[in-house]
């Protein structure tokens, strides 16, 4: 099954991590965070959207969280059922499993683990960064001072707002872009996940809960973890294809060579077997063919193994 190479997955993971670090340093120290947050602040402690507003909360926060949780539970149960049926050798007939029939059990396990780990890791980081939410800052009529992240960590400010955990739940869906069964739809999946994640992130920004950098870093961390876990889950299959390729070439070469020997030997026996000279000629030609076949086989063995030797 063609898929992203191991080097590509590791490269995407590394680039995403570097971009997360760059975003943390540049957006915070360039005051871009404060500038963007000021766009959404109306003054007197009011933000563009009130945190208590029912419809935005339902569509972009509480309702969406429940929907994502329901999807995670469904994938978890489906993974367990698929693994059980495959182990028993039973055919899958349940209609509720139809949406995941195209996925292998390994892919389902990868999706479940990624959807769990991404929000968990991001939420855990919040406990160590102690970055203050915009709504709590004195410059936005709150009670806490604005401090860079390192200063917030040293002073153990009580707030825990970096990175954006809510948006990370949406960005965790990047995992679907790394599933081999969906490789042809990778571009569309990335676009949809970006739209969903940024909708969730922007909602938290316009109610004063997060800065721009919080959402950017969450997106990069989600991409890095999705790529890293994909490398862990799918690298074995990727390597096995490379190892099987030379064996296939060697087998095909041997079959072609053996068929050529049989055809040539049969033809010579029909035409020249009656005389000693013909017998001698057959022996000589047969030895030449066998020698050629030996070196041809060795040549294709080396040729077939070259992808492995170049790793």
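Positions of Cβ are set from backbone N, Cα and C atoms, glycine also.
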Quiz item: Which stretch does TrEMBL mark as transmembrane segment, out of 48-66, 67-85, 86-104?
Solution: 67-85
Quiz item: Out of 27-46, 187-206, 247-266, which range is noted as transmembrane segment by TrEMBL?
Solution: 187-206
